[in-house]
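A.B. asks: Take a look at what Swiss-Prot says about it:
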type: BINDING; residues: 9-12, Lys23, Gln80, 85-86, Gly148, Glu163, Asn178, Asn236, Arg341, Lys359, Tyr374, Asn385; note: UDP-N-acetyl-alpha-D-glucosamine binding site
type: BINDING; residues: Asp111, Asn236; note: Mg(2+) binding site
type: REGION; residues: 239-259; note: region 'Linker'
type: ACT_SITE; residues: His371; note: active site, proton acceptor
type: BINDING; residues: Ala388, Asn394, Tyr395, Ser413, Ala431; note: acetyl-CoA binding site
type: REGION; residues: 470-498; note: region 'Disordered'
Amino acid sequence: MSDAAVVILAAGAGTRMKSDTPKVLHSLAGRSMLAHSMHAVAGLGPRHLVVVVGKHREQVAPAALQIGEHLGRTVDIAVQEEQRGTGHAVECGLAALPADFHGVVVVTAGDVPLLDTDTLAQLIATHDAESADVTLLTTTMADPTGYGRILRTQDGEVIGIVEQADATESQRAITEVNAAVYAFGVGALRSALSRLKTDNAQGELYLTDAIALVRGDGGTVRAVHVDDPALVAGVNDRVQLADLGAELNRRVVAAHQRAGVTIVDPATTWIDVDVTIGRDTVVRPGTQLLGATAVGGRCEIGPDTTLTDVTVGDGAQVIRTHGTSSQIGAGAVVGPFTYLRPGTALGADGKLGAFVETKNATIGTGTKVPHLTYVGDADIGEHSNIGASSVFVNYDGETKSRTTIGSHVRTGSDTMFVAPVTVGDGAYTGAGTVIRDDVPPGALAVSAGPQRNIEGWVARKRPGSKAAAAAEAAAADGDTAAADRAAATAKPAPATGE
């Protein structure tokens, strides 16, 4: 479809969303609605792609250009200065095309997120096969409220579209509706647009009126009925956004299941459209896989896990974990209750256990951080073990510094690494050690001094407390026990003769 142009209408105010964010930039399944529309039409390979913006153009136009860059194609921006209706918006879009363009013009909207390339391709194929001047998508809805109704002759020919506000009672009973997706011959479109009028309930230039004008000129009008209404459903408010988001998620989840992924509870599992998952992976309830997350094969993910832009290697287990912009190596085990902040890279067969938080940290193959530890701005080698309750002290209030831990290192519980500091390969640290200076390879670092017990401190400093009473009772019990032990071990007195 190289000799074609696509015009995406994204100029509406979207007032029913009641949001400072433009309607077409609201997201579902990891993409804005505009991005969904642009991905669908980009699959057709059109020569020109025009996005018409109006209100909120300062947000919508840059977003459209960024999406185009991601898709690797040029996007032209057309501005609708005044909101004068869909017909006027398309006219603004045509102005962005070269004057000598003579191909097919596909018109769609930026708020139809489930519309796919296959449906658009079917529209184009029918348009070409029938040598039509205009071809439109229609669907049938149980509740057609808000949609334009399709008007047909007794023999089924499409003769026009009537908008809800202008429809009679009998016309409002029609359940076949306009999907607002069209393929026009550019000549027929230009001619019809030049004759649109505002004599309607909204006082606007309706693109839908172009259908009757083309037919009145003797042009060929064809329709493609879409049996799945969700594919062409639009979004006007947050209720519809949530409904379509749930429907899209259901389809995404089902596609992964058919590809060999076990999803235990689809109702509580949310997967963005750009996520990839390998075969024989099990996704447990309450899991969200978001953004560009890529999960390998034979993994176990969840329950109650959220991963955003995280790469998970084959055979890894990730349990009750929240992770963002991180990497988890093959065979690694993460969780439960682990927090992976951006920049975390866990090597193959590594472990990050309960209540471990990591940030901007590289953790080598086979290294374990089992529990209750913060690892920030650190590089840890292979097959090391970080004891419980250790803290990588990376921030002095002004500057963040890195800690480097070698391979085959064993650190005792409650070790503090005050960055910048380096611990050499094979070194050990004692429990409760504060590492302020580098530790040579193979050394044992101990910073705690000898333990000192201050006898009677509680009785003197906390008299009358429960602690003092318990200590006094223990002391008394100890004296009694000592006396009993002394009696048991005492030698009997020597016998005397009489």
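Note that Cβ sites are derived from N, Cα and C of the backbone, with glycine treated the same way.
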A.B. asks: By Cβ distance under 8 Å, which residues at least 6 away from the ends of the region 'Linker' (239-259) in the same chain are close to it?
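C.D. replies: Cβ under 8 Å, 6 or more out: 17, 26, 28-29, 113-114, 230, 233, 266, 269-273, 275, 277, 279, 283.
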A.B. asks: Would you count the other CB atoms within 10 A of the CB of Tyr395 (acetyl-CoA binding site), including those on all shown protein chains?
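C.D. replies: Cβ-Cβ neighbours of Tyr395 (acetyl-CoA binding site) within 10 Å number 12.
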A.B. asks: Which residue counts does DSSP yield for the region 'Linker' (239-259) in the helix, strand and coil classes, in that order?
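C.D. replies: Once the DSSP states are binned, the region 'Linker' (239-259) shows 20 helix, 0 strand, 1 coil.
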A.B. asks: Which one is it, among the binding-site residues Ala11, Gly85, Asp111, that lies nearest to Asn394 (acetyl-CoA binding site) by Cα separation?
C.D. replies: Asp111
A.B. asks: I want to check the contact list for Gly85 (UDP-N-acetyl-alpha-D-glucosamine binding site): same chain, sequence separation of six or more, C-beta distance under 8 angstroms. What comes out?
C.D. replies: Leu196, Thr198, Gln202, Glu204, Leu205, Tyr206, Leu207
A.B. asks: Just name the most isolated of the binding-site residues Leu9, Ala11, Ala431, going by other Cβ atoms within 10 Å of its Cβ.
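C.D. replies: Checked Leu9, Ala11, Ala431; of these binding-site residues, fewest Cβ neighbours within 10 Å: Ala431.
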A.B. asks: Tell me which residues of the chain lie with their Cβ under 8 angstroms from that of Ala388 (acetyl-CoA binding site), as long as they are six or more apart in sequence?
C.D. replies: Pro370, His371, Leu372, Thr373, Ser413, Asp414
A.B. asks: Give, as a single whole number between 0 and 100, the mean pLDDT over the region 'Linker' (239-259).
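C.D. replies: Summarising the region 'Linker' (239-259) by its mean pLDDT gives 98.
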A.B. asks: So what sits near Asp111 (Mg(2+) binding site) in its own chain, CB-to-CB under 8 Å and at least six residues off in sequence?
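C.D. replies: Residues satisfying the criterion: Ala10, Gly12, Gly14, Lys23, Val24, Met33, Ser37, Gly234, Val235, Asn236.
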A.B. asks: Between the Cα atoms of Asn178 (UDP-N-acetyl-alpha-D-glucosamine binding site) and Ala431 (acetyl-CoA binding site), what distance do you get, rounded to the nearest Å?
C.D. replies: 72
A.B. asks: Could you check which of these binding-site residues, Leu9, Ala11, Gly148, Arg341, Tyr374, sit within 10 Å of Ala431 (acetyl-CoA binding site), going Cα to Cα?
C.D. replies: none
A.B. asks: Round to a whole number and give the Cα-to-Cα distance in Å for the pair Tyr374 (UDP-N-acetyl-alpha-D-glucosamine binding site) and Tyr395 (acetyl-CoA binding site).
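C.D. replies: Between the Cα atoms of Tyr374 (UDP-N-acetyl-alpha-D-glucosamine binding site) and Tyr395 (acetyl-CoA binding site), the distance comes to 12 Å.
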A.B. asks: Which residues does Arg341 (UDP-N-acetyl-alpha-D-glucosamine binding site) neighbour through Cβ under 8 Å, counting only same-chain ones at least six apart?
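C.D. replies: Arg341 (UDP-N-acetyl-alpha-D-glucosamine binding site) has long-range Cβ partners Thr324, Ser325, Ser326, Glu357, Thr358, Lys359, Asn360.
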A.B. asks: Please identify which of Lys23, His371 has the densest Cβ environment, defined as other Cβ atoms within 10 Å, among these recorded positions.
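C.D. replies: Counting every other Cβ within 10 Å of each candidate, the maximum falls on Lys23.
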A.B. asks: Would you mind reading off the Cα separation of Leu9 (UDP-N-acetyl-alpha-D-glucosamine binding site) from Tyr395 (acetyl-CoA binding site), to the nearest angstrom?
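C.D. replies: Cα-Cα, rounded: 49 Å.
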